Amino acid sequence: NVGYITQIIGPVLDVAFSPGEMPNIYNSLVVKGQNPAGQDINVTCEVQQLLGNNEVRAVATSATDGLMRGMGAVDTGAPLSVPVGETTLGRISNVLGEPVDNPGPVQSNTTFPIHRSAPAFTQLDTKLSTFETGIKVVDLLAPYRRGGKIGLFGGAGVGKTVPITELINNIAKAHGGVSVSGGVGERTREGNDLYMEMKESKVINEQNISESKVALVYGQMNEPPGARMRVGSTASTMAEYFRDVNKQDVPLFIDNILRFVQAGSEVSALLGRMPSAVGYQPTLGTEMGSLQERITSTKEGSITSIQAVYVPADDLTDPAPATTSAHLDATTVLSRGLAAKGIYPAVDPLDSTSTMSQPWIVGEEHYETAQGVKQTSQRYKELQDIIAILGLDELSEEDRLTVARARKIERFSSQPFLVAEVFTGSPGKYVSLPETIKGFQMILPGELDNLPEQASYLAGNVDEATAKAAALQVEGQRKGWYRIFA
């Protein structure tokens, strides 16, 4: 069926059809033609509303420059479908599943619609198990669930993208299977950095693209809101193929889920809906639920989703992060205070949570160590006001010891990342869970009280911290002798 455009408002089009030929909601419409300069136009839109008088309102997934009233819009009769399967690995696709890198078209015989139902309740798998990330503070305090949903919460500039990139690197190498990464409304530079990092670490194999382990789907900041709103669904669809057809365990990375919400807010206003709290769309909960409920584990395979969540003005009660956190199994909250001290990853040990932090899941030893770290950190937080007003010397001997150990824990929580070697100047470290538990177990009772604080900073494990302390001592002695002779 062919309709014609009656109105264009930014990325939103009104299209009139003949009586009885109206497209369904979510059907894709294709507008083809030429602009006044003679350039070809090919715009795909998605039907969002049926207006009456045989008109529909659709949202464009690409720029509407050059479109004019009266141009024809073809109803494809189905929702947007994208290529899925092994041919997408090693490639960068856009929201339509079209490749945006150089190696040519994606040769796939299988396509899935991007709007799919969540698995039925009877298909879900409720098995509880953790997976190791190699990041000390995460594995100890807020372990991630295999087949769960995890959120990295943080304001602007506290370091969300670097941990996401590190996790892609660690999991793609250690996990060995395939993964899918969705760039939702983020910077083009970050997408390019991730692509280069993947090629460097051989997760994307340019020589033999079929051996690549990751599929990338990008809808970056400069895209229209229709593309940014649906790129998360495209990434989920690609991950669902590996879960349902190949029966694999698939990590799905989304950076950044708030851009999905913001795109929905832009579209909602253009569709004429009354805004809700803080200007967000009234359908925020429904839109978030329809995306998040598809990301789950079934008896056939699993999708483990790790999502970066931008927190506007560092306010975790903002409707967007608050709605997101309701769907998550673990939250890793990044602290601006820790980032200001140069402690990366700036994970807040007290705000970060996980449903897996239970003694019958992670084991008594792990649980007790994590609780000890949290108690020490909480006591340090309580004492900070007293220290700021009266100074450290006014504390009791016991409290001074607690503060010293808490500061050591804080610094030992920092870790050099493989993807951040150029920034830190230290080789990246993957730290196993037994090493992590051993390190914090030694700090808590005071076995490392003789080590200077700076020895724990950017150290992978206890052995490295001890070696750094010895090096610092030698350096200090050398400087001391130099001062005497000078």
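Using the three backbone atoms N, Cα and C, a Cβ is placed for every residue, glycine included.
In three-state terms derived from DSSP, Thr161 (ATP binding site) belongs to a helical segment. The ATP binding site annotation in Swiss-Prot covers Gly154, Gly155, Ala156, Gly157, Val158, Gly159, Lys160, Thr161.
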Env. residues of ATP site, Cβ within 8 Å of mean position of Gly154, Gly155, Ala156, Gly157, Val158, Gly159, Lys160, Thr161 Cβ: Tyr310, Leu334, Ala339
Fewest Cβ neighbours within 10 Å, where candidates are the binding-site residues Gly154, Gly155, Gly157, Gly159: Gly157
Cβ neighbours of Lys160 (ATP binding site) where a neighbour is any other Cβ within 10 Å: 26
Winner by Cβ contact number (other Cβ atoms within 10 Å) across the binding-site residues Ala156, Val158: Val158
Spatial neighbours, same chain, of Thr161 (ATP binding site) - Cβ under 8 Å, 6+ residues apart: Glu186, Glu190, Asp255, Ala308
